[in-house]
């Protein structure tokens, strides 16, 4: 049985969906004002694996990952670039989808945009006002009255008393309590705005996810996920809004992925250690990035360095090399009673334990290398596929390259043929020179009875 760590209860729990055989899951997606960075890759890949495992476990999964397409950062960046917010949003969504494809992400069931749900946001805010949980201010904003929601702080542990005692909160004369947060922002000149009972304006960030999740999954659903930085205030405020509006539990299980640090420090532009997915893709294959993320447990912090990415590349190369040269039988699906598959399943059923599952893949690859058994190789490929790995032909991965200055496959084959000709002519010096040239270019040759095969180092 699947168990998962629930941030809400701070413990592992057996997973019991609201509706047997079906899972409803919402994950906070991108605010589309800039390219996705490696931290976003962690979240995207982590919840993609969770989605895949739920599907592999036989569940019918309704997976919703939103797009925040109206927000202060979007307006500011569009102004800086001299384009409209709409132009920036469309450009950034296209970039995001290219990055998602490079990481091998499955598309979510639904990918709603905030601007398509403003009417629902207005309706929820009206309900919150009617329930005494929110109030319009004189400046045209609408605020959530946090003191009116008894359970505030239950997700993050940051209760109102702790917040007032431990954090400096800027006083705003429009708020009844400095900790109240905005649900609706009054329109400012030149900014996108919508009509509402409180005048023209736009929704606050937190209300967007409450409305989009409930629209697609209902007022009470199974799983809500996101990065651990969203626990507070975003997810805490989502709970206050949704439960304040509907009067019952919003989400049963809250999942949060850990951060990616760069050389042991938090990634930030000011430290000069900020990497977009595009930056990393210039040097590493997208599947290598995915493997780097997947081989660590989703809740653990992960350190990013070039040497660690190179180690991930070598690890994935080992797995693909085990499949090389074996004609695989057609897959009949995974037999979960097989010893390796059963261990893989036990790891994944324990809070999506990908690090242990990857260890099983390496053990299985070692067995395949020894036996060259097509059935074991098929199992290796199928189990890897559950994690979104090993989905390509081994030759495509092993001989594919990224980065400038690398030899093309055609150039490598031509040099291998020249080396073969030199060996046939017993010109050993030329043969060695060509091998050394290929080695210097990162090409590994393996001579065997069937000829020479190659891969990139």
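Quick reminder: no glycine exception, Cβ is built from N, Cα and C everywhere.
DSSP classifies residue 28 (Zn(2+) binding site) as strand under the three-state reduction. Positions annotated as Zn(2+) binding site by Swiss-Prot, on the basis of sequence analysis: 28, 209, 234, 238.
Per Swiss-Prot, the feature motif ''HIGH' region' maps to 30-40. Note on the motif ''HIGH' region' (30-40): residues 67-69, 71, 73-74, 76-78, 88-89, 92-93, 95-96, 99, 227, 259-260, 262, 267, 274-280, 289, 304 of its chain, located 6 or more positions outside it, place their CB under 8 angstroms from a CB of the stretch.
Within its own chain, the motif ''KMSKS' region' (266-270) has Cβ neighbours under 8 Å at 37-39, 259-260, 304, counting only residues six or more beyond its boundaries. The feature motif ''KMSKS' region' is assigned by Swiss-Prot to 266-270.
The annotation ATP binding site is assigned in Swiss-Prot to 269. If you take the C-beta of residue 269 (ATP binding site) and look for same-chain residues 6 or more apart in sequence within under 8 angstroms, you find none. In the three-state DSSP scheme, residue 269 (ATP binding site) falls into the coil class.
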Can you tell which of 28, 209 has the least company, meaning the fewest other C-beta atoms within 10 angstroms of its C-beta, among these binding-site residues?
28
CB within-chain contacts under 8 A for residue 238 (Zn(2+) binding site), separation at least 6:
206, 209, 210, 213, 224, 250
Which chain neighbours of the Zn(2+) site, leaving out 28, 209, 234, 238, have a Cβ atom within 8 Å of the mean position of the site's Cβ atoms?
205, 206, 208, 210, 213, 224, 226, 230, 235, 237
A correct count of other C-beta atoms within 10 Å of the C-beta of residue 234 (Zn(2+) binding site) gives 18
